[in-house]
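A short write-up of the structure that comes next.
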Amino acid sequence: MSEHKKSSKIIGIDLGTTNSCVSVMEGGQAKVITSSEGTRTTPSIVAFKGSETLVGIPAKRQAVTNPEKTLASTKRFIGRKYSEVESEIKTVPYKVTSGSNGDAVFQVEGKQYTPEEIGAHILMKMKETAEAYLGETITEAVITVPAYFNDSQRASTKDAGRIAGLDVKRIIPEPTAAALAYGIDKAGDKKIAVFDLGGGTFDISILEIGDGVFEVLSTNGDTHLGGDDFDEVIIKWMIEEFQKQEGIDLGKDNMALQRLKDAAEKAKIELSGMSSTEINQPFITMDANGPKHLTLTLTRAHFEKLASNLIERTKAPCIKALADAKLSASDIDDVLLVGGMSRMPAVQEIVKDIFGKEPNKGVNPDEVVAIGAAIQGGVLGGEVKDVLLLDVIPLSLGIETLGGVMTPLVERNTTIPTQKKQIFSTAADNQPAVTIVVLQGERPMAKDNKEIGRFDLTDIPPAPRGHPQIEVTFDIDANGILHVSAKDAASGREQKIRIEASSGLKEDEIQRMIRDAEQNKEEDKKRREASDVRNEADSMIFRAEKAINDYKANIPESLVKEIEERVEKVRSALKEDASTEKIKEASEELSRHMQKIGEAMQSQSASAAPSSAANAQGGPNINTEDLKKHSFSTKPPAGNSTSASSNNENIEEADVEIVDKPND
């Protein structure tokens with residue numbers, strides 16, 4: 001396959017909990033790119049099946065029969081400690097354990113995978129989708145994250161991009177991306193709220209937009225609330241109902257649980273447009289009396305009752321976001337709905353209650369975030385002019401000071417990029433060193449906030465307590481990722497760190513994963529080529545047998561025998577699971593003999609030409625041009641899988657004509 005030239009495009013990727021989407025700027029417009037499966041979004045699912053790694057739709061298709069090795073909703077674990085994901089672990093069929101640094105990692109067949117690695121597989125799929133469409137190699141991307149993702153989660157998402165072979169030019173919040181897509185062609189000043197209820201997280205952002213400036217005024221949310229939780233209440237209800245009917249607990253059967261998960265997701269979607277839905281799962285389990293079937297009716301009203309607590313949880317973050325923006329609901333001009341769960345009528349109703357107006361349903365909640373990311377990519381690449389994005393940090397950042405107190409340096413909803421400095425001192429006489437503990441959160445005591453990093457400033461000259469002047473600087477870049485430094489004024493000694501996050505990957509781990517991803521890419525390519533060769537060989541057997549059947553009476557018996565022998569050689573090579581090279585050799589040999597059919601037919605046609613009587617007496621009316629086309633198309637691809645695919649298309653067209661024309 002010829003190498004693509006490097007693209008100047010910066011693609012936009014919405015790396016979602018349930019589905020992912022990729023978009024690119026073309027002719028001044030953001031375009032969502034359709035996947036190789038023909039869909040505009042791709043399931044954020046990775047599965048391991050033997051030596052294969054499946055991503056997207058193929059992974060989703062086999063989830064029911066392979067639940068422990070199918071990793072879905074992994075975004076809920078990225079950048080998090082094992083101790084932080086207790087509720088999420090209960091909802092997935094695969095094994096989640098604690099990694100060497102306490103991070104949540106996935107255990108599949110004795111091997112550990114980090115959420116960053118799994119995210120990288122999905123990002124690679126998005127990258128390949130864009131490359132197939134553009135015909136160019138993509139190296140740069142803007143990736144979106146929930147607005148309420150903390151520093152660890154943002155840094156880990158960026159690491160996933162690096163593992164996927166992408167230079168992540170910017171990490172931007174999903175609601176901000178949605179606002180970009182909505183407001184890029186709007187005139188006048190507006191204050192908007194973006195209500196984003198996705199598969200794994202909930203965000204609310206308040207923005208002011210006008211004259212190409214998109215300023216985030218405040219953001220809030222809940223990273224433990226999303227569509228998965230709505231699925232879970234339906235699953236729990238189905239398990240309870242089935243136990244009442246049959247006395248069997250389906251919650252202990254992983255395969256049944258995966259089927260219930262699929263059924264719950266389908267029912268949830270249907271209830272957005274219908275008042276009730278039938279849930280049918282035949283042969284869901286069996287007991288001593290035989291197979292058992294699950295048949296239930298779920299009404300929209302009952303679903304809303306089951307999910308009422310989840311819906312109610314969206315209210316408080318909205319009220320806080322309005323208060324932080326110093327606005328009332330009446331100040332909001334428009335409310336955008338983003339994320340698949342925003343289609344639920346009860347969710348739309350609570351949005352109407354909070355903001356006092358009908359939400360705007362004019363954007364596609366599944367695609368608008370990727371479109372906004374592509375627009376931001378266009379801004380960074382110089383393709384989109386006169387757009388300025390002013391984002392904020394979602395949570396306060398500070399350090400631990402005397403008495404275990406959290407002292408904020410950067411308050412939540414501060415516009416980024418930003419730099420803040422503050423002078424601190426020692427707590428004891430002649431203190432030689434200080435430990436800077438970096439915290440993120442809103443609680444007054446350090447222990448109640450999330451520690452995202454720590455480092456020591458040593459060799460402080462002896463001095464009474466309170467005398468040393470230690471300047472602590474917090475520098476936050478446009479991605480919302482933090483850099484911290486501490487400098488002793490007396491000695492000039494300075495120590496600084498980029499907060500990699502206490503949850504996150506070290507540089508050597510990232511490099512190893514990049515190498516693994518590249519190696520897997522090569523192995524996947526080899527597997528694909530082997531599959532193409534086998535498919536071509538199988539197809540050639542069919543065409544050879546068909547040609548013999550169609551033209552046996554018009555070609556020498558010796559040639560028929562030779563072709564039949566070559567067919568058996570190819571068939572044996574396939575059955576014996578021979579190497580790709582051996583199958584290719586056998587196929588090429590069969591191809592050479594297949595061409596002799598065309599030559600024999602041409603020769604016979606030429607010798608029969610002087611006599612028209614043959615045709616009058618019922619001789620075969622054969623179009624030799626079709627035979628030429630047929631024999632030429634059977635030549636195996638002289639190279640890679642791309643040409644194999646191309647040849648297959650020609651073969652199918654030729655076959656259609658050959659079947660019809662001898663009977664004309």
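Numbers here mean position along the shown chain, with the first residue as 1.
Note: Cβ is positioned from N, Cα and C throughout, glycine not excepted.
These come from Swiss-Prot:
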type     : residues : note
COMPBIAS : 574-592  : compositional bias 'Basic and acidic residues'
COMPBIAS : 639-649  : compositional bias 'Polar residues'
MOD_RES  : Thr201   : phosphothreonine
REGION   : 574-664  : region 'Disordered'
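Counting every protein chain shown, the number of other Cβ atoms lying within 10 Å of the Cβ of Thr201 (phosphothreonine) is 27.
Secondary structure of the compositional bias 'Basic and acidic residues' (574-592) per DSSP, as helix, strand and coil residue counts: 15 helix, 0 strand, 4 coil. In three-state terms derived from DSSP, the residue listed as 'phosphothreonine' belongs to neither a helical nor a strand segment and is classed as coil.
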